[in-house]
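TrEMBL annotations:
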type	residues	note
ACT_SITE	A:E327	active site, proton acceptor
ACT_SITE	A:H328	active site, proton acceptor
BINDING	A:Y130, A:Q191, A:N214	NAD(+) binding site
BINDING	A:S237, A:Q259, A:H262, A:H328, A:D361, A:E415, A:H420	substrate binding site
BINDING	A:Q259, A:H262, A:D361, A:H420	Zn(2+) binding site
Number of protein chains: 2
Amino acid sequence: MAIRLDATDSNFNAAFADLLAMKREVSDDVDAIVRDIIDEVRARGDDALYDYTAKFDRFDARSKGLRISEAEIEAAVAKVDPEVMKALELAAERIRSHHARQLPKDDFYEDALGVKLGSRWNAIEAVGLYVPGGLAAYPSSVLMNAVPAKVAGVERLVMVVPTPDDVLNPLVLAAAKLAGVDEIYRIGGAQAVAALAYGTQSIAPVYKIVGPGNAFVAAAKRRVFGLVGIDMIAGPSEVLILADKNNDPDWLAVDLMAQAEHDKVAQAILITDDAATADAVEEAVKRLLTTLPKAEIAGASWADYGAVITVPDWETGMALANRIAPEHLELAMDNAPDYLDKVRNAGAVFVGHYTPEAVGDYVGGSNHVLPTARSARFSSGLSTLDFVKRTSVLECNVENLRQIGPAAVTLARQEGLEAHARSVAKRLNME
Amino acid sequence: MAIRLDATDSNFNAAFADLLAMKREVSDDVDAIVRDIIDEVRARGDDALYDYTAKFDRFDARSKGLRISEAEIEAAVAKVDPEVMKALELAAERIRSHHARQLPKDDFYEDALGVKLGSRWNAIEAVGLYVPGGLAAYPSSVLMNAVPAKVAGVERLVMVVPTPDDVLNPLVLAAAKLAGVDEIYRIGGAQAVAALAYGTQSIAPVYKIVGPGNAFVAAAKRRVFGLVGIDMIAGPSEVLILADKNNDPDWLAVDLMAQAEHDKVAQAILITDDAATADAVEEAVKRLLTTLPKAEIAGASWADYGAVITVPDWETGMALANRIAPEHLELAMDNAPDYLDKVRNAGAVFVGHYTPEAVGDYVGGSNHVLPTARSARFSSGLSTLDFVKRTSVLECNVENLRQIGPAAVTLARQEGLEAHARSVAKRLNME
């Protein structure tokens, strides 16, 4: 059973603070192992990749090569059911059109003094995409990472995916093909991250690495951060639902369990201004858990991290929501759009009774890679912006330099940087 | 003497690769020390800050408190020369107006199916700004970090700055005041980063930490990354100048040394299509080093990391520039604007003979916090975007859900996520 809190209780603040402080992530100390793996890949390149793949994924990649060939991809894709392929295509197309709107525009202008300033955006030339193998191999995640990269104009998009026991995942390959991934390698773990960052004989290095992974992958990304760019390191997923009394408790229950079925450390929270709704949803969850295939996982998440909070009014409810800063926020109220302006901290908002979070996971068009563990207070979901970078441009003529240069000379000398000062002064015949 | 390379030499490719691979950063292994400091601050709060400040900055902050008071700030600011204050004000105003153009716009729209999608931007509520003490205390850096944060709408901008021997830096405080910093604390090092990330009795935690610092500060930022956001971890600075024959060698020399005077591990590179210019600049650098106050630092940087490269044409020159991906790129050619389109990887470009990089350091208006060590291949300089975050918004009505929902059901079942599938199916009376 989830924890039940009432915002009007005298001990609520302490209990809510405990809920916020709950640490759901197990931080395995894998850093030493990961350091060794990275060192091995740097020193031995492909040979290290063959060895780790034999050890962790139980097959010999030497004979067929690290790269998954076009023929292998075609053969796998041919196995995908046409209805599933159509669903993937709809998802890819909707993601593409939404993310195209996020492309930033160059901005060049002359300011009041005639100084020319500008911002020019360019795609990152080469990006690596980590895709987990086994259970967490989600074709939807391939689309969510790869499509925005291609929309941004990344020329070389390189995917790595472990293929345990040498088994390819047709849907993952189909999604990669749809999204326009350029190269796919059958490697995973910290060794794959190292290969992307440093390069090997078969794999040219990339400049940024995105995509989810286990503790080893996360630790490896943290280590290569700086040499290459990385995306946020994702934690366990969470949903917060704000619901008024005009809801079918079964709908809310299944939305909560859709989050909980991801992971025993996922978190699902309901905030409602109606105690009867709170009771009814708790009952509905119980019923639902008797029929769900992943009831064991979802039930553990709900018992350990789930919460049902009653609030006296929506001002209180919105304030709590912004403190939680959830990855996913469902506004299941009749007048849900009215509350959008009050949302300060959330990865994504799903508005109204007919927008379950799961529709956003697949076919809404917006990205499902979102800030977890309260990081929506300071970061954003994945977007086209993650695959571009900005160069600023400054151009003065002698007139401009005469107007603003002397202030630069003054400040440079205050900072003890005489060559800085002279580089301006010399052009103005100042001393 | 800097290294001299000729792009037409047969051994050029290997020599250039060596130049790119040059490791300028000394990675002190301070991680264990930093971990202990962070643990102490988490456990003991203000008391730990008092102890570390006594130890590292040699004064007792207990009596006057950690926060620098309004009265102290006013008293310090009163000491600043009026001409210097005017220069700071010009800089702040130009930074403000340029960064205001970077504010992203919300985007709400209905797509072809009538699904409502949106992106809403909000400022990060609380941001911490680390400002180094001593030699590296640059008021210009305070402006470059603090002004964009305030332009973005950050409500609580908290600055930390070590004040060794209890000595305040008037210019740094003046810059903070001009930029609108809300709170200033007299602490530095890993302990200050820990205080910002976790909070203490006197200091409420922030959600993101920006600003440059030494190896301890960098290691602490890397450690708290995830709990809070951080900016890029800056390495030693660098400039690349592309110059044709129509240049005064003394101007180019002083521009190169303006970079070199920062740090013995700074890097200054000249690429020219004219061998006589290459020779003349090398001579001019020698002469300049006899008169520069920081000749020892600049000379060491030039000897160890400087490079002069001659190229047969600008196609070659631009290709090398994009491989170097410099923090600062000066285009000192007569037709410099024509080459802007060819710049793919650079933090900032300074166009033409009258735009020395130093003008951008202070009063150009664009930001001087830029990607170092080739990271311009995948990241951007600091901007207003670093102080905002995006929430995506999705709204379906029953009609929309009927159109796109079935594809979500199909994909969710392929991924083995039955509750996801049912959360959509239930609303459509599907099974």
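Backbone N, Cα and C atoms are what each Cβ position is placed from, and that goes for glycine too.
Automatic prediction, not curation, is the source of TrEMBL annotations.
Ranking the binding-site residues A:H262, A:H420 by the number of CB atoms within 10 A of their own CB puts A:H420 at the top. Take the CB of A:Q191 (NAD(+) binding site) and look out to 10 A: across all protein chains shown you find 28 other CB atoms.
Here the recorded positions are A:Y130, A:H328, A:H420, and the ones sitting under 8 angstroms from chain B, going by CB atoms, are A:H420. Taking only the Cα positions, the spacing between A:E327 (active site, proton acceptor) and A:S237 (substrate binding site) is 7 angstrom. When Cα-Cα distances from A:D361 (substrate binding site) are compared across the recorded positions A:Y130, A:Q191, A:N214, A:H328, the shortest belongs to A:H328. Note: the CA-CA distance between A:H262 (substrate binding site) and A:H328 (active site, proton acceptor) rounds to 14 Å.
For A:Y130 (NAD(+) binding site), the count of additional Cβ atoms within 10 Å of its Cβ stands at 28 [all protein chains shown]. Secondary structure at A:E327 (active site, proton acceptor), as computed by DSSP, is coil. Counted within 10 Å of its Cβ, the other Cβ atoms near A:H328 (active site, proton acceptor) come to 26, all protein chains included. Here the binding-site residues are A:N214, A:S237, A:Q259, and the one with the most other Cβ atoms within 10 Å of its Cβ is A:Q259. Take the CB of A:E327 (active site, proton acceptor) and look out to 10 A: across all protein chains shown you find 29 other CB atoms. Taking the binding-site residues A:D361, A:E415 in turn, the residue surrounded by the fewest other Cβ atoms inside 10 Å of its Cβ turns out to be A:E415. Closest to A:Q259 (substrate binding site) by Cα-Cα distance, out of the recorded positions A:Y130, A:Q191, A:H328, is A:H328.
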